[in-house]
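Annotation source TrEMBL lists transmembrane segment at A:6-35, A:47-68, A:74-95, A:107-128, A:164-181, A:209-233, A:239-256, A:263-282, A:302-323.
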Amino acid sequence: MNEFVFFLNYVVVAGSVTGSIYAIGAVGVTLVFSIMRFAHFAHADMMTFGAFTVLLLTTAFPGAGAALGLPTAVVMLPLAMLLTAALAVGIDKAFYKPLRAHGVKPIVMVIASLGVTLMLQGLIRLFAGTSGQSLYVDDRKEIFRLALPFEGARAPIVITEPQVILFVLTLVCVVGLHLFLSRSRLGKAMRAMSDNPDLARASGINTNLIVAVTWVIVGGLAAIAGTLLSLDVTFKPDLSFFLLLPIFAAAIVGGVGHPFGAIAGGFVVGFAETLAVFNWSVLLRPFRDSLPEWLASADNLAFVGTEYKIVVPFVLLVAILVWRPTGIFKGKVI
Amino acid sequence: MSTQYKQREDLVAAPSRFPLREVALFGALLVAIFGVYALMGAAYSTRMLVEAACYAILALGLTIQWGYAGQFNAGVMGFVALGGYCAMAFSMPVNADFWASPLSGELGMVVLMALGGVLVVVGASRLHHLGVPRRLRTGLAVALALLFYLLVSARLGVVTEQIESQFGYIGGLGLPPWAGWIVGGALAGVVGYFIGKVCLGLRSDYLAIATLGIAEIIKAVLKNADWLTRGTATVSPLPWPVPGPETVGFTLARAFYLSVTAVMIAVIFFLLTRAYHAPWGRMIRAIRDNEISSAAMGKDINRRRLEIFVLGCILMGIGGATLGSFNGIFDPQGYLPLNHTFLVLVMVILGGPGNNLGTIFGALTVYLIWVMSEPLALSVLELMVAFGEGSFGWDAPTNLDSRALQARVFVIGLLITLVLRFAPKGLLPEKVKHHG
Amino acid sequence: MPLLDARDVYGGYGGMNILNGVNMTLEADEIGVIVGPNGAGKSTMLKAIFGLLTVTQGEILLRGEPIHNLPPNKLVQRGMGFVPQEHNVFPSLTVKENLQMGAFLKPGNVRRMLKQIYDFFPPLYDKRHQPAGELSGGQRQMVAMGRALMAEPSVLLLDEPTAGLSPLYMNEIFEQVKQVNAAGVGILMVEQNAKQALAIADKGFVLAAGQNRFTDTGAALLADPEVARSFLGG
């Protein structure tokens with residue numbers, strides 16, 4: 001029974017946490033792709049930027065959260081979302097729009113976004129350094145221990161406050177995005193532009209406006225994803241390339257251009273990572289007596305070591321590209 | 001209007017004219033190199049030139065992928081690291097203690113097991129020829145692959161742990177370095193083949209994502225597989241294919257090395273230029289410029305694309321191996337996306353994608369600026385700090401070195417975006433000939 | 001003042017002129033039909049009017065105001081609607097959402113206009129919650145025309161609205177074009193099915209090699225033996 005609780009803690013909870021973060025990240029990537037048709041490599045550093053803004057604001061006003069009963073970092077999140085959205089719109093104006101106006105190939109946009117990612121990385125690390133920092137500046141991370149009402153379950157399910165916030169925010173994002181895309185005029189216009197940009201223009205849709213709206217959403221989502229990641233562990237300024245691969249994998253697994261596919265893809269990648277590094281020998285412990293010797297004596301039965309975690313999204317990516325390049329939800333342009 | 005002007009410009013750039021631009025640019029570069037020699041001394045400057053020459057090989061690899069074929073490889077670092085590893089593994093002396101111990105036999109068993117597993121899985125994946133339903137075949141193959149993977153990795157973990165605790169690492173093969181360079185190129189080509197096989201039929205974005213991923217994975221493996229590479233403990237000194245500094249002194253030894261790399265560049269340049277003007281090169285460019293019509297002409301696009309991608313990766317492996325041997329130390333953590341991917345990218349897009357001469361020019365120039373900017377960035381930062389302390393009473397950040405590095409990251413990023421926008425064809429643009 | 005007036009229009013792609021001085025005049029309540037052999041510049045002329053390619057010489061006036069080389073979204077604002085020949089619906093949006101997109105610039109009128117469009121094209125009402133990508137060719141054409149009409153244009157440009165449709169649907173589309181015109185919208189359309197199209201046309205323009213060959217009323221062109229011999233297949 002305790003083994004089951006262990007499994008819940010280390011796979012179900014941990015997988016959902018990673019999955020949520022990848023999901024929100026992948027939605028951003030997929031939105032940029034569906035509107036502007038290029039893989040946006042600077043997304044991971046936009047996430048870092050969002051988290052860094054939260055860190056700065058939290059350091060500046062450490063007591064703000066206590067008044068609302070939330071961690072200060074969460075209270076500062078909306079402001080950081082606005083700032084990151086502004087950054088995203090600004091980056092587009094300065095670097096992507098001129099290239100779009102020139103009608104360059106999508107791959108040139110990809111390279112430009114790599115240039116942008118280096119600039120963001122350089123700037124953030126110039127000011128933040130490269131070491132990890134906690135977003136809990138003045139307040140304490142609360143930990144909830146839920147005892148299970150079962151016989152023999154001594155270990156509780158452990159879930160931290162930021163994880164609860166993360167689940168709530170992910171849900172809010174998913175529902176909010178769904179309502180925006182299916183109900184609002186701008187959301188429908190975004191879908192229209194994703195379907196057929198020429199026809200969108202011919203219908204009188206102001207495509208520049210749609211592009212700007214997309215960047216606002218993408219920036220906001222990036223700030224959420226980056227902050228949640230940093231809340232769960234710590235703020236690390238040098239994650240970008242390690243985040244990019246799982247996020248792209250999630251977007252492609254879900255079908256590029258499909259916001260809800262990206263969410264599903266995020267959870268697929270998150271759980272795959274967690275399951276792959278999970279030490280299965282713990283679950284075998286109760287059956288130790290009935291197992292062959294070599295299996296029972298193995299004390300580490302993980303598929304891959306944590307140092308090779310990045311292999312998991314890559315394998316998923318290659319597998320989906322080989323077998324079903326359109327992703328599970330049939331994405332578009334390949 | 002603008003297209004007419006462009007056509008005329010291309011006519012002027014016909015091969016028969018005097019290459020004024022090339023001569024002027026290379027002349028300026030030569031002057032700059034002499035300046036560095038005068039300022040920094042011969043030993044330092046020759047080292048810089050050798051490194052720049054190795055980068056030129058990497059840049060030639062990227063220019064055929066990006067310039068000839070429009071494929072964007074965002075993981076040059078991975079292929080460089082593979083080359084560096086091979087240079088190390090082939091040239092380091094044989095670890096006789098390890099080979100004499102029973103562990104070498106056990107490692108061999110694991111390798112055999114892995115090979116057997118691969119054979120079984122490949123066999124299973126062909127079962128549909130025997131009438132097994134495809135779904136069942138796929139399931140079977142995946143299950144077998146997982147099973148063998150678990151068995152092999154469990155065994156490997158045990159064996160390598162013992163190797164690490166008893167011998168450090170398995171040592172090298174004691175062969176001349178150039179053997180490692182060749183195998184390094186071949187290994188990079190094999191990895192490139194598999195990546196290309198998966199991605200080249202799809203949009204080029206996917207290639208960028210996959211190469212970025214494989215580069216990080218190669219680095220992770222080299223960093224963590226201590227039994228192969230000593231990981232963070234690093235391996236040194238790596239032997240050179242020419243007399244080393246201890247026998248003939250720094251300057252002369254580096255000059256020998258430089259002549260080796262110069263010959264390599266000359267050979268590669270000659271072969272690439274031949275290939276570029278051969279029907280094969282024309283076909284590659286036709287595919288890049290107009291995929292649909294060349295597909296309609298019945299050219300096997302994906303095969304040509306794979307060839308060029310693999311060729312580029314081979315060059316990167318060779319260049320990485322040459323660079324690795326020259327550095328004299330194999331340090332997996334020293335492979336950085338900035339130094340080994342993006343710096344090469346800047347060399348290519350600034351020099352002139354698709355133009356071999358421009359690419360070499362770009363490599364030498366950018367590397368010169370890169371090396372010279374290191375002390376410059378640091379002194380600028382120190383100046384800023386001194387200014388800040390004097391005027392606002394700031395606390396000086398302790399890690400100025402790492403901050404200076406970040407400033408360079410920013411500059412490289414800015415440079416990439418600026419070149420793409422204002423000089424997308426580079427300083428020496430590819431000469432596009434108009435047929436008919 | 002004519003609704004649409006194109007005077008001596010030159011234009012094309014990448015420095016190559018396809019239009020070599022085309023003239024067209026359309027009054028407010030007319031149906032104009034452009035016919036001619038392949039490569040005559042029929043669709044190109046429509047795209048030139050809608051700002052999709054650069055007009056290098058000549059001028060195009062909408063109610064007396066020059067509009068050539070204005071971007072499409074500005075033209076929609078000024079009361080022009082355009083239905084491309086292919087890819088003329090948003091496949092993943094529902095029929096209703098497709099129509100709403102047509103009124104992107106005039107969100108206030110959506111409810112009233114939707115009702116009007118459903119009256120014009122009754123089959124669309126039943127399918128309003130279906131993705132447009134799932135509809136048949138003829139129904140898609142209705143969605144495309146409906147989408148363009150949602151912005152209440154004064155002139156509607158149709159690029160081969162009956163291409164690839166069965167004769168049954170073809171007649172239905174021509175009927176609907178007549179209805180739309182009767183509701184006060186000027187129509188300018190390119191058609192391969194020249195005879196049927198000229199039959200409902202107030203004005204016909206026969207283009208060849210990027211120039212006007214014949215310009216007359218639809219009926220007169222149908223009756224002209226030379227037009228019939230050269231362009232209407234005998």
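Including glycine, each Cβ sits where the backbone N, Cα and C put it.
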Outside the transmembrane segment (A:164-181), six or more residues from its ends: residues with CB under 8 Å to it: 16-17, 20-21, 23-24, 27, 70-71, 74, 144, 187-188, 190-191, 217, 221, 224, 228, 231-232, 259-260, 263
The transmembrane segment (A:263-282) touching the transmembrane segment (A:47-68) per 3+ Cβ pairs under 8 Å rule: no
Outside the transmembrane segment (A:239-256), six or more residues from its ends: residues with CB under 8 Å to it: 22-23, 25-26, 29-30, 33-34, 39, 41, 43-45, 47-48, 117, 121, 229, 262-266, 268-270, 273, 310, 312-314, 316-317, 320-321, 326-334
Remote residues contacting the transmembrane segment (A:209-233) - C-beta distance under 8 A, at least 6 residues beyond either end: 17, 20-21, 24-25, 27-28, 31-32, 35-36, 40, 43, 46-55, 71, 73-74, 77, 80-89, 91-92, 97, 132, 135-136, 160, 162-163, 165-166, 169-170, 173, 177, 180, 186, 189-190, 193, 200, 239, 243
Among A:6-35, A:107-128, A:263-282, stretch most in contact with the transmembrane segment (A:74-95) (C-beta, under 8 angstroms): A:107-128
Residues of the parent chain within Cβ reach of the transmembrane segment (A:6-35), under 8 Å, 6 or more residues beyond its termini: 43-44, 46-47, 155, 157-159, 163, 166-167, 170, 173-174, 177, 190, 193-194, 210-211, 214, 217-218, 221-222, 224-225, 228-229, 232, 243, 246-248, 250-251, 254, 256-259, 261-271, 273-275, 278, 282-283, 332-333
